[in-house]
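Since the structure comes first, as structure tokens, the remarks are kept for the end.
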Amino acid sequence: MPDSQQVASNSSSSRSATATKPALWSSRFVFIMAAVGSAVGLGNIWKFPYITGENGGGAFVLVYLACIAVIGLPLMMSEVMVGRRGGKSPIGTMAVVAKAEGRSKRWVGVGIMATLAAFLILSFYSVIAGWTMPYIISAISGSFSDINAEDSGALFGGLLASPWQLLLWHSIFMGLTVLVSAGGVRHGLERAVTKLMPALFILLLILVGYAATTGHFGEAVSFLFKPDFSALTAEAILTALGHAFFTLSLASGAMMAYGAYLPKNVSIARTAVVVAVMDTCVALLAGLAIFPIVFAHGLAASEGPGLIFVTLPVAFGQMPGGGFFATLFFVLLLFAAWTSSISMLESLVSYLNEKGVSRVKAAIGGGFAAWLVGITTLLSLNVWSDFTPMDSFARFEGKTLFDLYDYLTANIMMPLVAFLIAVFVGWKMKPEHSKAELGAWHKLWFPVVRYLTPIALLIVFAFNLR
Ligand code: PHE
């Protein structure tokens with residue numbers, strides 16, 4: 001769907017004037033669901049628990065929550081706002097909005113870096129999301145019934161050790177992503193997210209309910225919420241910050257691209273608050289579901305990326321109706337990952353589409369390229385697990401290619417993009433323009449993005465560069 005929208009001056013009437021304008025979300029509710037669909041994904045259910053476990057719990061969670069509130073939320077408002085003003089792909093939007101503000105053409109670089117980050121994330125995200133599929137099969141076939149922690153670990157280890165299996169699931173998942181993306185995001189997504197997101201939420205509540213019966217709930221609560229600041233390192237703060245961007249789908253063009261489809265009359269600030277709150281609730285619920293099980297079975301909180309795949313089958317195996325709940329859980333996790341991966345591809349697809357490539361070709365081409373890069377991730381889980389090419393830098397020592405992609409995107413590219421966006425909206429864009437978009441919230445938002453966000457980002461960077 002090529003578009004020729006112009007900045008700011010476009011009223012909702014000019015948007016509906018021709019059929020070639022991009023389709024807008026049909027209501028605020030649908031946008032919220034699409035944005036929540038993008039935000040809620042592996043980041044909440046897979047990544048948040050395992051990085052919390054690796055970084056010692058409480059203090060890390062507190063920093064993460066602070067990053068969401070003080071940096072993530074204002075940035076989400078900024079991205080959706082810029083996206084709606086530009087009305088194009090993130091790259092196109094940055095070009096259009098920078099020009100309208102009389103700023104340098106180079107601002108387009110922010111859109112390019114965001115699109116690149118989304119592409120890199122998609123490449124490894126698809127590999128991880130693929131893991132849910134063999135888990136669905138195991139759940140249906142009853143393999144989890146009465147499984148112990150050791151066997152569950154072995155099951156997971158077996159999956160990681162098999163490049164061909166990983167390749168199969170990675171390929172299927174990328175295919176699914178391309179399928180919806182090629183059909184036009186709005187069309188494919190609206191129906192799915194409005195039903196599946198609420199279902200996932202309810203299922204997580206059930207899991208938390210089960211976890212409360214393990215006798216280790218209190219331990220998990222104090223692990224998650226009792227801060228021990230002596231365990232907090234500068235790198236953990238950077239990880240919490242990077243994860244705040246990752247989990248809210250920021251600094252990757254996803255929210256900017258979706259913002260372009262947001263009708264003018266919808267309040268950006270209120271919407272962003274709802275999305276951020278829901279995303280945070282899902283992550284905390286996932287933590288509350290998983291850590292009691294971890295402690296009840298004497299598993300290591302610092303287990304790493306396998307954490308939920310090793311712990312949850314043990315819980316499901318003992319729960320009444322566990323086979324059913326396990327199947328439902330991994331199906332919903334697959335869907336949650338799917339609605340996120342679609343939004344990752346959107347930055348690139350919408351850009352190529354603007355350049356005259358059809359949506360179908362753009363989705364296939366972009367998906368294929370990310371699939372190829374993804375193969376290096378899946379090999380780094382087995383055949384190349386000893387290939388740690390950046391060992392000569394202390395910070396990257398022992399990191400496989402997968403670890404490096406994750407680090408590069410979440411800890412370097414996203415904070416950098418976020419910093420530049422904050423500088424753009426806080427210093428380069430006319431305040432009247434952002435005020436027109438944000439209304440009464442502008443008063444609160446403006447000083448935050450102008451001072452607090454960039455300064456906080458600089459401090460975290462400075463501490464990490466020491
Ligand atoms: N927010 C998604 C998650 O938490 C990941 C994501 C990152 C989606 C960047 C889009 C863009 O799983």
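Yeah, the Cβs are placed from backbone N, Cα and C, and that goes for glycine too.
TrEMBL annotations:
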TRANSMEM  29-46  transmembrane segment
TRANSMEM  58-76  transmembrane segment
TRANSMEM  107-128  transmembrane segment
TRANSMEM  166-185  transmembrane segment
TRANSMEM  197-217  transmembrane segment
TRANSMEM  237-261  transmembrane segment
TRANSMEM  273-295  transmembrane segment
TRANSMEM  315-339  transmembrane segment
TRANSMEM  360-384  transmembrane segment
TRANSMEM  404-427  transmembrane segment
TRANSMEM  448-465  transmembrane segment
Legend entry - Residues from the same chain, set at least six apart from the ends of the transmembrane segment (107-128), whose C-beta lies under 8 A from its own: 41-42, 46, 89-95, 97-98, 166, 169-170, 173-174, 177, 246, 251-254, 256, 305, 337, 340-341, 344-348, 351, 366, 369-374, 376-378, 381, 402, 405-406, 408-409, 413-414, 416-417, 420-421, 424, 428
Inset, instruction - Give the one range among 197-217, 237-261, 315-339, 448-465 whose Cβ atoms make the most pairs under 8 Å with those of the transmembrane segment (273-295). - result: 197-217
Inset, instruction - Can you tell me which of 29-46, 197-217, 360-384, 404-427 gets the most C-beta pairs within less than 8 Å of the transmembrane segment (315-339)? - result: 197-217
Legend entry - Feature contact check the transmembrane segment (29-46) with the transmembrane segment (404-427), CB under 8 Å, 3 or more pairs: no
Legend entry - For the transmembrane segment (448-465), distant same-chain residues with Cβ under 8 A (at least six beyond the ends): 70-71, 74-75, 78, 234-235, 237-238, 241, 411, 415, 418-419, 422-423, 425-427
Inset, instruction - Among 29-46, 197-217, 237-261, point out the range having the most Cβ pairs under 8 angstroms from the transmembrane segment (58-76). - result: 237-261
Inset, instruction - Mind checking which residues of the chain, 6+ beyond the ends of the transmembrane segment (197-217), have their Cβ under 8 Å from one of its Cβ atoms? - result: 33, 36-37, 40, 45, 278, 281-282, 285-286, 288-293, 295-296, 315, 319, 325, 328-329, 332-333, 335-336, 339
Legend entry - Residue numbers, six or more beyond the limits of the transmembrane segment (29-46), whose CB comes under 8 Å of its CB atoms: 80, 125, 128-129, 185-186, 189-190, 192-194, 196-197, 200, 204, 243, 246-249, 254-255, 258, 261-263, 266, 271, 274-276, 278-279, 282-283, 286, 305, 307-308, 333, 336-337, 339-343
